[in-house]
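Asker: The structure follows.
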């Protein structure tokens, strides 16, 4: 059940991912949907250096908040497009934070060359779960493939966020935002991806 | 039609701060735009470049920031409203023009967008460019949100035109790259034509003219100071004996902090948008009756100094604080928690900062040269021939990432163009070979003068110009030497090789770094010839694969694979080449192997030229995804 707009105060959503995963597009989608719904919204993105295979961080604040960035400990929601990055972003969270994380590792270069080891994914899950309020640990890639493109994981993730109903944004506004920011040729695949995510998000609350 | 050209006023769009600046400039009838790209300012010139023809705006990617100020200044002197944009360090390059254009002034409005980068998200330093406004006696506005960025761009044009002086719009990364709702205003339909009135005794700054203009400038500043006092971008909020003065994005952190701490009824806020000349009258009035005042601003104590001075001049006993003593840090960006801590400590209110989760040591994920990047191949070959002992000055661009292991091919860097000039210095005082790296765009920006200097003084080094045919780091902007455009291949306007020869360099060679052996042969010869004094230049030319794919929709036809049966696990592919498509793995039984991630491999073939166990494999259509 989507949160009632009247009771809604504010939500700070922190996004983290790896360059090339579509983190900024997902961020934009959440922002556009909030705007479409008539909520007050501000976003912050980091461009440039971060995108060459490094970590990409961005944020969306919806409702009665002024700062576009999120200080440590103040994220209400963490959207992590990669499990290692979910743990790296834990300082942004607090014991009430909801974390939505993709389970599919993207191995950093330092690991690929054998300089360091990628932690066990199950360990990463435990580390996250024991600290935060709620964890949705989802194989977004599988749903994206099901929708027809493994590149649509980012949209699956946003679908999950939408499906949890923690933002007072109607389905119609989400769909309007999708149409607005995605070019026609990839819209259909991404709509499917969003829907699959949405369903997973809805079911997670049952 | 592009979103930024929407004619309907009143519509709300979610725009980046940079896009809001573009919209503001369009609404203000700016018809001339010039810039060199630099994060976080790049989207301003990029969007103008996309819409220029439809908007009736002349747009150019100038070869550097100084030139952008000079060309845009000429347009504004000729009665055509203009804009130039740059990152903070870009104004260092443009400072010469900036300081005297303030004397000469403009006829039509001219806005100079200068984007600071607190926290150095993508910069080499954290300088506070507000001091440039002060040093140049140029009016400055500092927006807080994208909406304010649009409005202030309009206002900057107005101020500039009224006072006949360029106006600086100073942003920070969190304004440029913040996205927020912007309400569109009307677009004008009239296009003014340029008109230049000869007036050498006001426009040609020989000393006698400069002296006169200096006095006129000081008069303008005095009038601008009154304007700042009246500006609607400077306003007061709230009531109380405690005061906060703030500007830019810091205002938002202050708003959150004051509310979260529940001290709204105790605190009066002065939010400044027109920050130079300092609105001294306004500040003085604000200080009267306050017990304590905290200045909340990022970077240097720019406003704090003005506030302290104003308080001293007015003989007001208010306690002023800002930077220092555990209050507002001078380094890096602020956030709401940092501001809450400062308010807690200064005003003595209670606040429980959030407990921050500790995270165990995790593998780092540094940015990296892309798979198939020709710079990697160049670095590999240069290192093979010149070894670890040579000095490798570098420059600013993607290739600076070559500083990281395993390549480690950058030894010295201070600013755009410094690679060339510093190499000359190194070569005069050291015995080791010096090999300098610079990208094509950076070479046009500020490498040429260094090269001319080096030739004329017989500096002894090898300059490697890494020509990937675009300005890759900031988002693939064009420059004078490009061969690849959205329409296909063209003959570049400026030939790098001819240019280098024209600078007086006799030993000039061009190689394709993806041909490893040929490149190393040329480098070997160059190494021999460097026993003679003088500069040698190697143009290492191969297109940026990301750009090439985007422009020509080139599909990867071949990927490379490691043949496990012949791989002897020497790991040179990992320790010397370091392509991110390579993966080192240990199986459950503890057996090591090296694999190439096919979805990352771009098929450049460099690895197969250095290792016999790496073999090509044809791939079918469809690799590369749907975007």
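The backbone N, Cα and C atoms fix where each Cβ goes, glycine too.
Grabbed the feature section from TrEMBL, which reads as follows:
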{"type": "BINDING", "residues": "B:567, B:570, B:573, B:611", "note": "[4Fe-4S] cluster 1 binding site"}
{"type": "BINDING", "residues": "B:579, B:601, B:604, B:607", "note": "[4Fe-4S] cluster 2 binding site"}
{"type": "DOMAIN", "residues": "B:558-589", "note": "domain '4Fe-4S ferredoxin-type'"}
{"type": "DOMAIN", "residues": "B:592-622", "note": "domain '4Fe-4S ferredoxin-type'"}
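Looking at the shown structure, can you explain where the listed features end up?
Answerer: Close to residue B:611 ([4Fe-4S] cluster 1 binding site) in the fold, though at least 6 residues off in sequence, lie B:572, B:573, each with a CB less than 8 Å from its CB.
A helical conformation is recorded for residue B:607 ([4Fe-4S] cluster 2 binding site) in the three-state DSSP classification. Counting only same-chain residues at least 6 apart in sequence, those with a Cβ under 8 Å from the Cβ of residue B:607 ([4Fe-4S] cluster 2 binding site) are B:560, B:573, B:577, B:579, B:582, B:596, B:614.
Within its own chain, the domain '4Fe-4S ferredoxin-type' (B:558-589) is flanked in space by residues 368-372, 376, 380, 383, 405-407, 595-598, 600-603, 605-608, 610-619, 623, which lie at least six positions past its ends and keep a Cβ under 8 Å from the stretch.
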Asker: Out of B:570, B:601, which of these binding-site residues shows the lowest number of other CB atoms within 10 Å of its CB?
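Answerer: Ranked by other Cβ atoms within 10 Å, the binding-site residues B:570, B:601 bottom out at B:570.
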Asker: Taking DSSP states H, G and I as helix and E and B as strand, how many residues of the domain '4Fe-4S ferredoxin-type' (B:558-589) are helix, strand and coil?
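Answerer: Within the domain '4Fe-4S ferredoxin-type' (B:558-589) the tally stands at 6 helix, 10 strand, 16 coil.
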Asker: Using C-alpha atoms only, work out the spacing between residue B:567 ([4Fe-4S] cluster 1 binding site) and residue B:601 ([4Fe-4S] cluster 2 binding site) and round it to an integer in Å.
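Answerer: Rounded to a whole number, the Cα-Cα distance is 18 Å.
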Asker: Output, ordered by sequence, the same-chain residues six or more apart from residue B:604 ([4Fe-4S] cluster 2 binding site) with a CB under 8 Å from its CB, or 'none'.
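Answerer: The answer is B:371, B:372, B:374, B:377, B:514, B:545.
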Asker: Between residue B:570 ([4Fe-4S] cluster 1 binding site) and residue B:601 ([4Fe-4S] cluster 2 binding site), what C-alpha distance do you get in Å?
Answerer: 20
Asker: Along the domain '4Fe-4S ferredoxin-type' (B:558-589), what average pLDDT does this model show?
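Answerer: Summing pLDDT over the domain '4Fe-4S ferredoxin-type' (B:558-589) and dividing by its length gives 91.
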Asker: Since the record lists B:567, B:573, B:579 as binding-site residues, which of them has the fewest other Cβ atoms within 10 Å of its Cβ?
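Answerer: Each of the binding-site residues B:567, B:573, B:579 was scored; lowest Cβ tally within 10 Å is B:567.
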Asker: Cβ within 8 angstroms of the Cβ centroid of B:579, B:601, B:604, B:607: which residues besides those meet this for the [4Fe-4S] cluster 2 site?
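Answerer: Nearby residues not in the site list: B:371, B:372, B:560, B:577, B:581, B:582, B:596, B:602, B:603, B:605, B:606, B:608.
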